[in-house]
Amino acid sequence: MIRFLFSFLIVLVSISKEAYGQQEALSGMYSPVFTPFNTSSGEIDLSVIPEYAQFLKDGGTDGVSVATLTGEGLSLSVDEKKKLYEAWVNAARPLGLKIIVQVGGIPVPDIIELTHYAVNISVDGIQLLPPPYYIITNSDEFVALLEIVAENAGDLPIYYDDFYEYTLEEEDDFSLQSYFDSASRRVAQFKGMVGTFRVAVYASLENDPRSDQTIFIYNQPNVEAAAFMDCNSFMLPAMNIFPSLFKQIVDLSSNGTRSEEALAIQDRLNDIVYEILDKGDDVATLKAAAELVSGIKLGGVRPPMRALSRTTYMEIKDILEDNDVETHD
């Protein structure tokens, strides 16, 4: 069964125009990484991040996004995020992986503090949710929020996180053209957005994006279609489970022709992921699957998210093995 909305899966889509600003577009295969926790103490477990980074690199990943909604960023303190950012920079940079960090979804003073820290440790990009309960209703408000971050971000590219269930009053109320155009004209560091496949299509048709701008799409079922349309960059939470398979879809679909093999892989991944998601919360279930496939101890989720029972964990293991996916427990 194919679902057309999967809120935590992201695809990076490159879009074109004459370059503006100093940063080239971040592109390639990105994973919004899970935050590892010690099962006993509930504290962040930084010790597994080097192994985690190597697993993603070996699977063909080009970069990571840290402390996103997938990474339970809204459940982490400012100090925890700083430690997490630095651990990923230390582990990922030697492997040639790019690092984007999510600084938003919290009060503005904390956003500014995290932005300064991100600049100081030389991350590659900033991802931004708005502050809590701040619903953007017009392009001036959109630009004002970006300007606050841009004033503190140096030359780092900023990507607005349009997770509409969290940021917008109604999905259809988001006037993409006016928002995107206003930000592109007024904020030099605005380099793109996180949104749906529909958002990427609208941006390509209605806007005139620059070559240094990128839209991040989070619809998993559309990976093959997006790659077929020459969208060659992705950032998917399920890449924490199947990085090499998603890369294979892109490689097979990027030559302008439909690939039956790519379609078959896409259908298989959709079936597996949706079976897993039926077992509970999106983050908890996908995180368990990533742990089972990678063999890396990622731990559970932080309250108020509900932890999976051992029974559910083993059911996810069975789903993977029934679909010929090797697991480690």
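The backbone N, Cα and C atoms fix where each Cβ goes, glycine too.
Sequence annotations record features per position, and here TrEMBL assigns signal peptide to 1-21.
The pyruvate binding site annotation in TrEMBL covers THR70, MET235. Look at MET235 (pyruvate binding site): DSSP puts it in a strand.
According to TrEMBL, the feature active site, proton donor/acceptor maps to TYR164.
All protein chains included, LYS191 (active site, schiff-base intermediate with substrate) registers 27 other Cβ atoms within 10 Å of its own Cβ. DSSP gives LYS191 (active site, schiff-base intermediate with substrate) a strand state. Marked as active site, schiff-base intermediate with substrate by TrEMBL: LYS191.
Highest Cβ count within 10 Å among the binding-site residues THR70, MET235: MET235.
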